[in-house]
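**Q** Okay, here's the structure, questions in a sec.
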């Protein structure tokens, strides 16, 4: 699900709800701010409360957030591509004059955080735990061929070590 944001007069608004009279209510993206907009079906502003409790979002920050979100989406689809390669591809496609080295580092961290917090498997903490899991599996598939780990583990020193555990 892709969430829409509106940027009006330097403030970001997120969709809140559709009212009974058909108007859309958008609230400020800062949760502690009570400002809102009401838009009709042609996206014209009908009513707005504009006493924001915070400063406007800078153009540089908006640009960084836009690039960061686009790169994070691509990073989640293609987990094998390095973050720096994804960032380079996105920056070469367009607006990069306002992005500096610090912004690139923030984008790279966002990608890493998104990948690690999304539920992808994490390596076991100990080697012995990993091989216990492999012993439980007995078989693995690579390039549509099924391999048995039983013979390899039986004949290896590691296999003898694992059996003694």
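Using N, Cα and C of the backbone, Cβ positions are placed for all residues, glycine too.
Per TrEMBL, the features are:
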type	residues	note
DOMAIN	2-54	domain 'FLYWCH-type'
**Q** Grab the pLDDT values for the domain 'FLYWCH-type' (2-54) and give me their mean, rounded.
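**A** Per the prediction, mean pLDDT sits at 87 for the domain 'FLYWCH-type' (2-54).
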**Q** What are the DSSP helix/strand/coil residue counts across the domain 'FLYWCH-type' (2-54)?
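**A** When I sort the residues of the domain 'FLYWCH-type' (2-54) into the three classes, I find 0 helix, 26 strand, 27 coil.
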